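Colleague: One structure coming up, written as structure tokens, with questions to follow.
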Amino acid sequence: MASQLTDAFARKFYYLRLSITDVCNFRCTYCLPDGYKPSGVTNKGFLTVDEIRRVTRAFASLGTEKVRLTGGEPSLRRDFTDIIAAVRENDAIRQIAVTTNGYRLERDVANWRDAGLTGINVSVDSLDARQFQAITGQDKFNQVMAGIDAAFEAGFEKVKVNTVLMRDVNHHQLDTFLNWIQHRPIQLRFIELMETGEGSELFRKHHISGQVLRDELLRRGWIHQLRQRSDGPAQVFCHPDYAGEIGLIMPYEKDFCATCNRLRVSSIGKLHLCLFGEGGVNLRDLLEDDTQQQALEARISAALREKKQTHFLHQNNTGITQNLSYIGG
């Protein structure tokens, strides 16, 4: 194996977020409020299964232990199960997860697990069906809930649920969410609303700090857990009376980036060192055949020298990210 990916600030990178499409069939207010608009990339322009196999092989050789498949909505790809299987070929990759809107969970989750999927994150921003539809533009609440149940039935011991925290939308519904996870092994992750190029007005109206929830959880006796090296950025809390857990993702905290352990590759094969940042490093010309792996690994390693110490969000810098479907959130 080549040397472990490490940047100039001695941060080690064990986690790859790999976008496989930017297409989504939901119209979430904080991501694609006007629905998906093609950016000139056709479905044939997204990374192929073979390209995904090569890029994940290179990252595995460089110490990656976890790959998360993102979008857009990853399950809209007809070859999604094949993609999972291709990533699974790498023995060094111990965890393969997906972030999904849950649209196809009920139908396909058992097949995904058989192909090698080990983790699921489902986006659910409200437990009220009408509010869910208002946020997502889709009347699919019951379908998504059935999908979460199907994930447990398929053998997943835990399901993570992502909830974007929004003032006057769901920030006051903590008790409802806590009741939901009391007897279910769900890690409910509240994610602070992030400002993007297309979402400034929404951010000003609905942003609220996760610190408010953290203070309330601590007041109620929830206990902060230690992170593992391939975990995402969530601060996770547990409580002896609950089967579920609470996670808080607060990107506006000053030291949020100090423990960064993840890199991103977009659906068209660009390496992004940060969700909010530069235009990306093209990898696609080195994904054409298996003989290029050494050069591919060298380019990835060299790019890491340019990774900045922080995303500067706390200094009101939103980078180039127009919306969160662009490189997989």
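Keep in mind that glycine also has a Cβ here, set from the backbone N, Cα and C atoms.
Features from Swiss-Prot:
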{"type": "BINDING", "residues": "Arg17, Arg68, Thr99, Lys160, Arg262, Leu263, Arg264", "note": "GTP binding site"}
{"type": "BINDING", "residues": "Cys24, Cys28, Cys31", "note": "[4Fe-4S] cluster 1 binding site"}
{"type": "BINDING", "residues": "Tyr30, Gly72, Ser123, Met194", "note": "S-adenosyl-L-methionine binding site"}
{"type": "BINDING", "residues": "Cys257, Cys260, Cys274", "note": "[4Fe-4S] cluster 2 binding site"}
{"type": "DOMAIN", "residues": "8-234", "note": "domain 'Radical SAM core'"}
Colleague: Listed binding-site residues are Cys24, Lys160, Cys260, Leu263, Arg264; which of them have CA atoms within 10 A of the CA of Met194 (S-adenosyl-L-methionine binding site)?
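Modeller: So the list is empty; none.
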Colleague: Can you tell me which of the binding-site residues Cys28, Tyr30, Cys31, Gly72, Ser123 is spatially closest to Arg264 (GTP binding site)? Compare CA atoms only.
Modeller: Gly72
Colleague: Given the binding-site residues Cys257, Leu263, which one's Cβ is surrounded by the fewest other Cβ atoms within 10 Å?
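Modeller: Each of the binding-site residues Cys257, Leu263 was scored by Cβ atoms within 10 Å; lowest is Cys257.
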Colleague: Express in Å, rounded to the nearest integer, the largest CA to CA distance found among the S-adenosyl-L-methionine-binding residues Tyr30, Gly72, Ser123, Met194 named in the record.
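Modeller: The widest Cα-Cα gap among those binding residues is 17 Å.
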Colleague: Quick one: what's DSSP say for Cys257 ([4Fe-4S] cluster 2 binding site), helix, strand or coil?
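Modeller: Once the DSSP labels are grouped into three classes, Cys257 ([4Fe-4S] cluster 2 binding site) ends up as helix.
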Colleague: To the nearest Å, how far is the Cα of Tyr30 (S-adenosyl-L-methionine binding site) from the Cα of Cys24 ([4Fe-4S] cluster 1 binding site)?
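Modeller: About 13 Å separate the Cα atoms of these two residues.
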